[in-house]
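This report concerns only the one structure given below.
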Amino acid sequence: MTERFDCHHCNESLYGKKYILKEENPHCVACFEELYANTCEECGTPIGCDCKDLSYKDRHWHEGCFHCSRCGSSLVDKPFAAKEEQLLCTDCYSNEYSSKCQECKKTIMPGTRKMEYKGSSWHETCFTCQRCQQPIGTKSFIPKENQNFCVPCYEKQYALQCVQCKKPITTGGVTYRDQPWHRECFVCTACKKQLSGQRFTARDEFPYCLTCFCDLYAKKCAGCTNPISGLGGTKYISFEERQWHNDCFNCKKCSLSLVGRGFLTERDDILCPDCGKDI
């Protein structure tokens, strides 16, 4: 007696017929397609065993159904793009969705390297310095009046030059007497300490920190011998070519403050009227 060889699903004999194994179980073609064949995204019918099954992201198409959703051209063996679940040939995708190069106005094709800045796009080779025309690529650049410049060209054409070192000022900087300086170049004439953000004064148009200015040029208090800066509202008394801090203008004997009072002098000393009675 001949051993039976039937379809695992419908039990029809498979002798002399085409069949397909699924998990080592034989199936007739009809049962296999009904149970296991993928459904075409386009026409909604099963993709039979005698058809090529084209897939993209777990979706399947008959070879004849795999075409552009806009123009209908076949996408078999051609590059394509997906947009909102629809497949598009590169021409249709570019016409509808690809950005245009700000410089040459041509489409920037999918997969092409591009540069983006402030909502505009360029081909990588079109994003160039306005002055030297070299591609900027990933290098730093500076925008100026709707034009882009590489840093060296911008410095040559637009940057202010520091009055001290004569080099371009690219960021920050300070202005003193209507002249531009690098922050690191604007220093005290005496000690070379940076003055940016600090209180300073000047003599003969040269800037000085307060400490150096007082040490070099300020009058000395006749009482404590420390400099009288005269800056920041500092009050002092001047008498016969001598100066005192307000706090130092006191009677030599009793230390009474003489600010706003009468006083007497005894050689280099100043005295209140009471202490000066015995003179």
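Each Cβ is built from the backbone N, Cα and C atoms, and glycine gets one as well.
Cross-referencing 7-31, 32-56, 157-181 with Swiss-Prot places the feature zinc finger at 7-31. In sequence order, GLN161, HIS182 are the residues of the chain that are 6 or more apart from LYS167 (SUMO2 cross-link) and have a CB within less than 8 Å of its CB. Beyond the zinc finger (7-31), the same-chain residues lying 6 or more positions past its ends with a Cβ under 8 Å from any Cβ of the stretch are 48-49. Under 8 Å, Cβ to Cβ, and six or more positions away along its own chain, LYS78 (SUMO2 cross-link) finds CYS89, THR90.
Cβ neighbours within 10 Å of LYS220 (SUMO2 cross-link), excluding its own Cβ and spanning all shown chains: 14. Counting only same-chain residues at least 6 apart in sequence, none has a Cβ under 8 Å from the Cβ of SER238 (phosphoserine). With helix defined as DSSP H, G or I and strand as E or B, the domain 'LIM zinc-binding 1' (40-92) counts 6 helix, 19 strand, 28 coil.
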